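Now, the feature entries from Swiss-Prot:
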| type | residues | note |
| --- | --- | --- |
| TRANSMEM | 14-34 | transmembrane segment |
| TRANSMEM | 47-67 | transmembrane segment |
| TRANSMEM | 89-109 | transmembrane segment |
| TRANSMEM | 114-134 | transmembrane segment |
| TRANSMEM | 139-159 | transmembrane segment |
| TRANSMEM | 173-193 | transmembrane segment |
| TRANSMEM | 217-237 | transmembrane segment |
| TRANSMEM | 285-305 | transmembrane segment |
| TRANSMEM | 313-333 | transmembrane segment |
| TRANSMEM | 385-405 | transmembrane segment |
| TRANSMEM | 408-428 | transmembrane segment |
| TRANSMEM | 474-494 | transmembrane segment |
Amino acid sequence: MLDSTRIFMKAFHLLLFDGSLIFPECILIFGLILLLMIDSTSDQKDIPWFYFISSTSLVMSITALLFRWREEPMISFSGNFQTNHFNEIFQFLILLCSTLSIPLSVEYIECTEMAITEFLLFILTATLGGMFLCGANDFITIFVAPECFSLCSYLLSGYTKKDVRSNEATMKYLLMGGASSSILVHAFSWLYGSSGGEIELQEIVNGLINTQMYNSPGISIALIFITVGIGFKLSPAPSHQWTPDVYEGSPTPVVAFLSVTSKVAASASATRIFDIPFYFSSNEWHLLLEILAILSMILGNLIAITQTSMKRMLAYSSIGQIGYVIIGIIVGDSNGGYASMITYMLFYISMNLGTFACIVLFGLRTGTDNIRDYAGLYTKDPFLALSLALCLLSLGGLPPLAGFFGKLHLFWCGWQAGLSFLVSIGLLTSVLSIYYYLKIIKLLMTGRNQEITPHVRNYKRSPLRSKNSIELSMIVCVIASTIPGISMNPIIAIAQDTLF
């Protein structure tokens, strides 16, 4: 009893003095509690009110994060959590992903008659897990935070319980996720033992120096296992097997959410884990990541060409895209690699969510996901066809769209760092990706009458000025995919200020 009281008092003391450092996260927790209270006490489900609470919580959390921006870096909760500009920019990106993803799900959930409260609870909880992962400073938090995110992801991917594909996707996702978590824990145990019992990232480096184990075989084993464990979260080749099935089987708004938030959170965690504990093994992890980047860029873009489903095509496209992001991780902060990675990640969020917004809208109006069924869409809905074309062109990296400038800066930083072969592969695979994106755009714009499928022939044209939340989110993403690329210097300057 005395021990329990002591533990409780210590936890209360930490929350009292360090709680202000996790104020954005506390806002999300309050939003979660409020959703649960309203859902459990109200007989009538007021759908707009639930969305208002969720969106307001996310916007308030973003505001609190921006107000905290200029504060000095701090380590809190007995070393478990670190607050600095680098972590905060990734937390901002995760909150931005969630804020844009919620409008995509409004009409979808109403049409499919899925439970609303639980869906929003899982979105907010996954966001909370991603934010804690960005600031995690010890092995316990690094393990618990992604598990919080992953468990919600499993539940969201299987949210349409009557859909066989959704159930299959959930099982694959769950089994692969459980295996990767166990591999990650095994890697942590090697680092824990080699450093003399340290669990904080910076203390592990000091421990390895004290024990003279920084060049031992145990560190190499830990590096391999951590690369495999984090590889599942980032889904580069060859850890990509789960990605196409989960993308195809999960509800489309869920795929939109997972396709960006998981990449952002895993990139933040991978950057800090590789850069701090494995400081003395930089050549080894650079080589491992280069192999993953090359495999991802080649396999992802090659297999994407053969796909007939839009969601599966975007799954393989995302595998190729993470290969570009890995270039920024390898370059590091010496040649602006982190700044270029963050900038490209920001553009990728808008490009990807904009594309998925178009897919959600088309799927709700036609009930199909097949690429051939998009033939002639421009004749029925020019606005949707043009929006989808702009997002796809930006993903491919055509000037003067944002994706072009993001890739250009990323590749230039890689070239300056001496990664000429890796950048050459990136350039070639980018050209390859433009090919299959242009195939879809040609289908959208020039589909002849005889090629137009019944899905598009019976398509209901949307009004030019719409109050549809999906279309509003789509407009925001399309604008963000085109305009920022022309004036990206301020974005790069802000990103460079985030280096830790």
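Placement of Cβ uses the backbone N, Cα and C atoms for every residue, glycine included.
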Next item on the list: For the transmembrane segment (408-428) and the transmembrane segment (173-193), check the count of CB pairs under 8 Å (sequence separation 6 or more) and say whether it reaches 3 or more.
Entry: no
Item checked: Long-range neighbours of the transmembrane segment (385-405), counting only residues six or more past its ends (CB under 8 A) -> 317, 321, 347-348, 350-352, 354-355, 357-359, 362, 374, 377-378, 430, 433-434, 437-438, 440-441, 444-445, 474-475, 477-478, 480-486, 488
Note to self: Please determine whether the transmembrane segment (313-333) and the transmembrane segment (139-159) are in contact (criterion: at least three Cβ-Cβ distances under 8 Å, sequence separation 6 or more).
What the structure shows: no
Next item on the list: Could you name the stretch, out of 114-134, 139-159, 173-193, 217-237, 285-305, with the greatest number of CB pairs under 8 A to the transmembrane segment (47-67)?
Entry: 114-134
Notebook entry, point to check: Between the stretches 89-109, 114-134, 173-193, 217-237, which wins on the count of C-beta pairs under 8 angstroms to the transmembrane segment (285-305)?
Noted result: 217-237
Margin query: Can you tell me which recorded stretch out of 89-109, 114-134, 217-237 has the most Cβ pairs within less than 8 Å of the transmembrane segment (173-193)?
Written below: 217-237
Checklist line | Other parts of the chain folded back onto the transmembrane segment (217-237), taken as Cβ under 8 Å at six or more residues beyond its ends | finding: 146, 176-177, 179-181, 183-184, 186-188, 190-191, 193-194, 208, 243, 262-263, 265-267, 269-270, 273-274, 278, 280-281, 284-285, 288-289, 292-293, 295-296, 298-300, 318-319, 322-323, 325-326
